[in-house]
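Beneath this line is the structure, given in structure tokens, with notes to follow.
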């Protein structure tokens, strides 16, 4: 019973080897002339036993002599078999380039304007290609290109005569995908974990079409016109492909009847199979991974693309917050790199990415994500080590620092500072200055001043003063200007003995005026207690500011001590530490003090988009003057009659008392952090997988082709550090280095947005597929296997191995099962509609133009199609049954259920291979 403990994949390979061995012995027996005890089924011996007479291939000729000895035959079988494996490796590697071009093509983005429920609009970028459409067209073509092209090349290369290799490969590949790949995906999920299909509507559509595709094949072969494919049958088969894509897109976008059906699908509760629910639904139930009615907010339609963009931003913000908590010692750049690798590793990936990853890890090209992370780290470290040594600047810059000055009217004089920066500090420099009137007038408010500032060798700054005139007249704040001009350097004389030519060749030191070369001086009146105000009525602050500082200005006077109360007032932003800390208190302005600062703590919520407001309000200022002015302004004085002198004094006191100015209330608008928003946007752009799998130049491709890298898993660590290559990596690299270097000549994916790489790659895949078809046919005829059996067993297996590893990786790494098994059904349907539909349409049209019919043998293919359709019904039914609550999803679940499902699917595949082989050799009767 020890064999029961073998893993399903190992068991599948074991059975595969046994079947191959039996078929090989059968071929040798047939070649040796043994008649055997083959039951009579009404078919001739050649049809039942297969033929050892090899035919000319599309590219490869026949290997002569045609009837070799047993030893030579075994040698030829080994050569053909090894050549097949090597060609399969080559196809996998060029398919890697092909899928990279598809990833780049489907990652193209365009700008859209999204209208929010509140009427605001925002511009963002979304992908041009719909995910469902790309999966059923380019992605399916990329993963199934060898099968599709083999069918087309076989028909066209053999004079438009139907062959068994192409169609049987498509059906055999569909069986391998449906049973073996899904079985492996079910098993590899850790015990107790599950994976569900997210886009269930799309899965229903593609599953239905995949079943219909093979039913349709049977109807063409055995019902409508047995043994003949007419033109309308071929064209209609091909036409089903865009119809399938269109219906899947309608289901994904919820168009037509989906738009009016706020439903989910559900079978009877008593049967327990909860697929989706219909009718009324509780709040928060998901359909296809999206909230029900989530696209209707306040009666307005919000595009689903906008919601997906917002979801991406929220996920990126969550990653940044988590990493910041785990690694508080890291700076922002380090956190960005870590978040980039984490997001790339954990985001939902396309089928193309998993196919590329599987091929590269299998051929010693390494883990794409780890290589990308290592390259980014090296690039960052090299950038930090670059020090640009700028040549010495011979130009000296002269300017005011600072450029704005304030002084009280009674200060006497104001000092201004001139600064020299750069150039030759050993020279003496001169710069002229002159005052200019603004609202303040020379002679009345300040003293007109002009002169020259001398900066001696080694001096970097110099001060000069301008006199301020004081008066007892109450007036507004006034200002004037001071302008620099005519900067020059003292002329230098040549040293004794220095030739004039050498002296004249030396660079002359230069000096220029730099901004700011004009200073503004504001004179504050000191004959008034002051007008208290904010600088403006609205201020925008970033949520990451921490503690914001707001200035309260005292203008039009600064006499006496004044207390100004203040407090924060809630708006849409809430206090109490939710959005900001409640702040209140009093500002005490001393005599001649003109500026005070209010500090308010802002809570950083790290939101991508934020706009909330609160207010800071100033109360009535209180004059702390204890003279006659304060006495006359007190409420007690109003009870008695004032004398003429007191009335005049009170009028003057009223004019000079402190009051609130133009902006007594400040609105503070809290916005998202620009740096944080930019970081999130940058991360979203950097986490585009097209940047990881794509190439930018031929140099990059050749360097990658000759480099050995470690294959490791993404789950090993979060740092993204590369490991050293293993022995297996080196072996696979040297086995495939010829293909890698050859296919490095394919145009990089950056050219023509990936289309150049797409076109060249598909041409190369077609050439290699033609060779594979010839090798497979010659391999089969050498050992006496029929083309239909060779296709179902060998060719289908060889073309599906990369997809197997890709689906396994997708099942383990993705949250949902769409990338691992959701694309299997769609790919199977596309194989029939494109692979068989295109080939048969071309052949049917060709023979129709010749006035003849296109004949296709219905027997073996019709039997295989019928058998696969029955088994596919069983497989899909089991997958839907696994959505019961106690199992939870198509993949994973309890260990016993996993094993049972996997064994069932593997057994279905083995039965399919067995029955198809027995029917081909007439051991059982087909159609």
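Glycine residues also receive a Cβ, built from the backbone N, Cα and C atoms like all the rest.
With respect to the membrane, residue 227 and residue 802 are recorded by Swiss-Prot on the same side.
When 45, 130 are compared with the annotations in Swiss-Prot, the one labelled N-linked glycosylation site turns out to be 45.
Checking Swiss-Prot for region 'Putative calmodulin-binding region' across the ranges 233-252, 253-272, 273-292 points to 253-272. Range with Swiss-Prot annotation transmembrane segment, chosen from 170-190, 296-316, is 170-190. As stated in Swiss-Prot, the feature transmembrane segment covers range 148-168 out of the listed 148-168, 337-357.
For the ranges 203-223, 371-391, the feature annotated in Swiss-Prot as transmembrane segment maps to 203-223. Within the set 135, 823, Swiss-Prot records N-linked glycosylation site at 823. Residue 470 (Ca(2+) 2 binding site) sits 45 Å from residue 543 (Ca(2+) 5 binding site), taking the CA atoms of both as reference points.
Ranked by CA distance from residue 579 (Ca(2+) 6 binding site), the binding-site residues 409, 445, 471, 543 have 543 at the top as the closest.
DSSP gives residue 478 (Ca(2+) 4 binding site) a strand state.
The binding-site residues listed here (409, 471, 543, 672) include 409, 471 as those with a Cα within 10 A of the Cα of residue 445 (Ca(2+) 1 binding site). Classification of residue 471 (Ca(2+) 3 binding site) by DSSP places it in coil, neither helical nor stranded.
Taking the binding-site residues 409, 445, 471 in turn, the residue surrounded by the fewest other Cβ atoms inside 10 Å of its Cβ turns out to be 471. With respect to Cβ pairs under 8 Å, the transmembrane segment (861-881) is most closely packed against 203-223, considering the stretches 148-168, 203-223, 727-747, 829-849, 904-924. With Cβ pairs under 8 Å as the measure, the transmembrane segment (74-94) is packed most heavily against 755-775, out of 148-168, 203-223, 231-251, 755-775, 779-799.
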